[in-house]
Amino acid sequence: MTPEELDECFEFVQNLIRQCGDIFLDGFKDCGKVENKGSHYDLVTVYDRKIENVLINGIKEKYPNHKFIAEEDQSSTKQPPILTSAPTWIIDPIDGTTNFIKKLHFVCISVGFAINNDLKIGFIFNPVLNEFYSARKDQGAFLNGKKIFARKSEELKGSLIAQCIHIGGIPAFKHQFMERTTTFLRKTIGIRVFGSAALTLAYVASGAIDAYTIEYLKPWDIAAGVLIVQEAGGIVIDTNGGDCNIMKPNIIAAGTMKIAMEIKNVFDEIDARLEIEGKLPRQLMDKSKIQCLSPSLSNHFTLITFNTQKNNSPKFSLQTKSNLNKNTNFIIILFYLLK
């Protein structure tokens with residue numbers, strides 16, 4: 001699409017989302033029948049479907065060749081979402097459905113747009129509070145037409161962060177979640193849980209919070225928010241420290257890379273300890289390579305790795321920064337996980 005076509009597309013969908021605000025507010029007053037999508041906490045209302053239908057049908061009429069990855073449509077097909085190079089709208093008609101049902105104000109419509117797997121447009125609209133966040137690639141991020149910027153904090157101390165509680169959905173991760181939470185409570189001034197991933201990303205973009213960590217969600221939860229954070233000058237990385245992949249939304253969003261990497265390092269230290277204690281879910285364990293990085297040894301060691309060879313015999317390597325004092329007492333625990 002040309003820049004002019006993107007401009008037209010931006011204005012058209014922005015107006016369509018605003019029109020959905022009236023439907024949203026009607027449902028916020030009385031959402032009617034509530035159903036679940038296979039689990040007691042994954043809820044859906046008739047308004048989720050109404051808003052999604054208005055958005056998809058409206059966009060299809062003007063742009064018949066565009067593709068869609070939408071929460072309720074995807075739930076009905078039971079197929080994993082696939083993002084192609086085609087112009088694609090990634091839609092969550094109501095992000096924070098539980099909040100919506102309970103009449104909590106942390107709710108929104110989230111719409112992202114990607115071309116060639118690259119996010120170009122992002123909208124997050126909270127009709128209850130009349131907050132409309134928007135972003136265009138390389139053109140900045142805005143709240144109700146006013147430019148916004150992520151907060152440039154340089155350390156966790158003094159920062160306010162947000163996270164998502166997912167123990168109910170994934171009980172195996174309870175040790176990981178509790179360890180992370182208690183660590184962040186010690187290292188920050190506080191933690192917030194809003195119940196809407198998209199809206200929380202918007203809060204990072206506007207500087208209301210310093211960082212946000214979220215895992216095990218879906219593309220429609222984060223697509224719009226990722227672009228809005230980036231266009232506000234913030235950082236979004238994968239929890240492994242790499243580039244963010246919206247199709248595998250395990251992310252750390254922050255105002256600065258320094259904060260994002262500090263959070264990532266906290267994750268690494270906690271996971272290494274839980275792995276030794278046998279409390280880390282097996283799907284998170286990397287059987288081919290275990291890295292043990294201890295703050296008390298970091299002045300001496302660059303990296304300790306433990307690799308599985310083809311014959312299943314273990315082999316470890318040690319890269320040192322300096323010689324250890326002969327009187328230094330230390331314990332390095334390396335272990336091998338059998339299948």
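Placement of Cβ uses the backbone N, Cα and C atoms for every residue, glycine included.
TrEMBL does not curate its annotations; it predicts them automatically.
When TrEMBL records D92, I94, D95, D221 as binding Mg(2+), the matching candidate from E61, E71, E131 it lists for that site is E71. Those residues of the chain, other than E71, D92, I94, D95, D221, with a C-beta within 8 angstroms of the mean position of the Mg(2+) site C-beta atoms are I91, P93, G96, T97, S110, S196, A197, A198, K218, W220. Sequence-distant neighbours of D95 (Mg(2+) binding site) (same chain, six or more apart, CB under 8 Å from its CB) are V107, C108, I109, S110, I124, S196, A197, A198, L199, W220, D221, listed in sequence order. Secondary structure at D221 (Mg(2+) binding site), as computed by DSSP, is helix.
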